[in-house]
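The following features are taken from TrEMBL:
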- 5-23: transmembrane segment (TRANSMEM)
- 29-51: transmembrane segment (TRANSMEM)
- 71-90: transmembrane segment (TRANSMEM)
- 96-115: transmembrane segment (TRANSMEM)
- 127-149: transmembrane segment (TRANSMEM)
- 191-209: transmembrane segment (TRANSMEM)
- 221-241: transmembrane segment (TRANSMEM)
Amino acid sequence: MEPTILILLVVVAFGTAIISGIIGMGGGILLLATLVSFLPPIVAIPLHGVIQIASNGSRVVVQRRHIEIRIAGAFAILILPGAFLGYLVLTSVPETVASTALGVFILGAVWLRLPVPQRSRSVRRRFLVLGGAAGIANTSLGSSGPLIAPFFLDLGLTRHEIIGTKAACQAQGHLAKIIVFGIAGFAWSQYSLLLGLTIIAVIAGTVVGSRILDRVNERTFVVLYKLTLTLIAVRMILVQLV
């Protein structure tokens, strides 16, 4: 890889980690879009998984006191089976169809969502199913952040709880993705320098983003959260239609 491209990817990794540290999403999608500009999807997706484990993992560490274990635990149960299924989807379903459908789903989930039952059992069931869906999305589309993000809005969570719990869920998803691509024989060692530098960059970006998050009030956070989700969803739809 050319040095200029390597430097660009490291800078983008740092910047996108700041975004995710503040809003809890958006950064991963931007990073993936940058990676696929220079690498084929079959390479970009697994590399993205390793970098995002570091990004989400660092948010988990920073927000560890705010993580809702019942949600993260339920999410983990079906994540690996979903990841294996997603790998099959990656090789059989056109990306345009999957991406457009996901974009429409996100818009509906954000703006037309129904109240989420507050009973613990209902919440666990919701995130159990969502974990399987996220596993599919992670390996087929490369990211599940926008898919799972709307389901944190109606749970009465604080901004720190949303950031920490969502990061814990996404870290599990990226770990499952890495396992699947590892079994498929992906050559991780060929990209060790890129991975090492971008991992350092996203950890640093998380620290910066988390400090900014501490200064953002709850109402502003929700507005930014919904706006970011909407922009991501609209982009996913328009890119496939143009």
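Backbone N, Cα and C atoms are what each Cβ position is placed from, and that goes for glycine too.
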* Asked: Where, among 71-90, 127-149, 191-209, 221-241, do we find the most CB pairs under 8 A to the transmembrane segment (5-23)?
  -> 191-209
* Taking a Cβ cut-off under 8 Å, which residues six or more beyond the ends of the transmembrane segment (127-149) line up next to it in the same chain? -> 24-26, 28-29, 32, 36, 41, 44-45, 48-49, 52, 71, 74-87, 89-90, 93, 95, 98-99, 102, 105-106, 166, 169-170, 172-174, 176-177, 180-181, 225, 229, 232-233, 236
